[in-house]
Amino acid sequence: MYVEIIDVRAREVLDSRGNPTVEVEVLLEDGSFGSAIVPSGASTGKFEALELRDGDKKRYMGKGVLKAVEHVNEIIAPRVVGLNAFDQVYLDKVLLELDGTENKSKLGANAILGVSMAVARAASESAGVPLYKYLGGANAKILPVPFMNVINGGAHADNSLDIQEFMLVPAGAPSFKEALRYGAEVFHTLKKILKDAGHVTAVGDEGGFAPNLSSNEEAIQVLIEAIKKAGYEPGKDIYIALDCAASEFYNEETGKYNIDGTEKTGDELIEYYSMLIDKYWPVIISIEDPFEQEDWDSYVKFTQKVGGKVQIVGDDLYVTNVKRLEKGIELFASNSILIKLNQIGSVTETLDAIEMAKTAGMTNVISHRSGETEDTFIADLAVATNAGMIKTGSLSRSERIAKYNRLLRIEEELGDAAIYKGLGAFYSIKR
């Protein structure tokens, strides 16, 4: 198919934290329309593509994105108008060449990604198929197991927990719809437990609670209690996943990790995680970013030790970048990768990373950012790529729920063709 792009425009809008971000709208010659809003992270990897901010302290504390908007309207739009909306690979190649830098620092990854996503949306509308079918073809049918971030710590909360996310993983549910119900029921049960214990139950950036618990281990214990009280079996119906975001508690001067009030070497941290896995076996199923983003040695040792039974996810380690992923595959540094569109900055590069990981036998976890919007692109992306897993926040805050509701609609639309793999989605480990 060949349908020309006839108009591209961007504007500054707000994300879920009240910070500016880029929205892009694309119009095609047949009247088809697509729009996209770019998300933004709080704990960002140092190797991520650059999110361009204005730096004008008098406006949005320097976080405005008028430069990125201008780059779309003045530089990108004239170059992509007239291109075929159905040639996503060529479109993204043009965008990368237009920028010409390794980390998209000239035009901004937020400018490039907004256009890339909006064109994909417009093309799917022109083709008369949902976005997941357009990106993934006729075989796009696997609904992802949700990773629900219900207890927040680290950079996502002002509390005593070092580990950034404690997540519910309802891999024992028979369908996505039921998985969502399992998670919601535990979320409400958890709220009551925390409230009864005298904790504040206001929610953080991703919709989870941020209680001042005594230790990271107590957070795991409270989650297990909530799972049981909600009527489910931990390690069978619902599992627990951790996002340690260890770069945030790594001390560059000492080369050690500050966790639970003590300093640990990489080897000592491996023992700490191994203790948690064994003590709560088989409940902990996935650990993300257990080490600092350049501590390849600890990743390799940890994967050798527990990678057969626990999913070890590289986020800051890989930043959805095929060059870093290649190194990880070569070293066998992890058995899974977190996928974030805005870490790399285009749809094609994101799909390339997913494909490379799959070919290497690694799992893919499609992910949101802490600064999100009402955009549901990642829900379609998860189904399009049959990734089998998605991480998109807690069971509150409508920018998180928007993705879950989109997945409910997709599951309903697919009907009997829909597959929820549950534990089978974790194909890089044996359980």
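Cβ from N, Cα, C; glycine included.
Since we're looking at a predicted model, the values are computed, not measured.
Listed features, source Swiss-Prot:
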- Q164, K340, R369, S370, K391: (2R)-2-phosphoglycerate binding site (BINDING)
- E206: active site, proton donor (ACT_SITE)
- D243, E288, D315: Mg(2+) binding site (BINDING)
- K340: active site, proton acceptor (ACT_SITE)
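This view paints the features noted in Swiss-Prot onto the structure.
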{"residue": "Q164", "record": "(2R)-2-phosphoglycerate binding site", "DSSP (3 states)": "coil"}
{"residue": "E206", "record": "active site, proton donor", "DSSP (3 states)": "coil"}
{"residue": "D243", "record": "Mg(2+) binding site", "DSSP (3 states)": "strand"}
{"residue": "E288", "record": "Mg(2+) binding site", "DSSP (3 states)": "strand"}
{"residue": "D315", "record": "Mg(2+) binding site", "DSSP (3 states)": "coil"}
{"residue": "K340", "record": "(2R)-2-phosphoglycerate binding site", "DSSP (3 states)": "coil"}
{"residue": "R369", "record": "(2R)-2-phosphoglycerate binding site", "DSSP (3 states)": "coil"}
{"residue": "K391", "record": "(2R)-2-phosphoglycerate binding site", "DSSP (3 states)": "strand"}
The record names Q164, K340, R369, S370, K391 as the residues that bind (2R)-2-phosphoglycerate; what is their largest Cα to Cα distance in Å?
-> 17
At the Cα level, what's the spacing in Å between K391 ((2R)-2-phosphoglycerate binding site) and E288 (Mg(2+) binding site), rounded?
-> 11
Taking Cα-Cα distance, which of the recorded positions E206, D243, E288, D315 are within 10 Å of R369 ((2R)-2-phosphoglycerate binding site)?
-> E206
Top Cα neighbour of Q164 ((2R)-2-phosphoglycerate binding site) in the set of binding-site residues D243, E288, D315 = D243
For E206 (active site, proton donor) and K340 ((2R)-2-phosphoglycerate binding site), determine the Cα separation and express it in whole Å.
-> 15
Taking only the Cα atoms, work out how far D315 (Mg(2+) binding site) lies from S370 ((2R)-2-phosphoglycerate binding site), in Å, as a whole number.
-> 14
Round to a whole number and give the Cα-to-Cα distance in Å for the pair S370 ((2R)-2-phosphoglycerate binding site) and D243 (Mg(2+) binding site).
-> 13
Give the number of CB atoms, excluding that of Q164 ((2R)-2-phosphoglycerate binding site) itself, located within 10 Å of its CB.
-> 26
Could you tally the C-beta atoms, other than its own, that fall within 10 angstroms of the C-beta of K391 ((2R)-2-phosphoglycerate binding site)?
-> 30
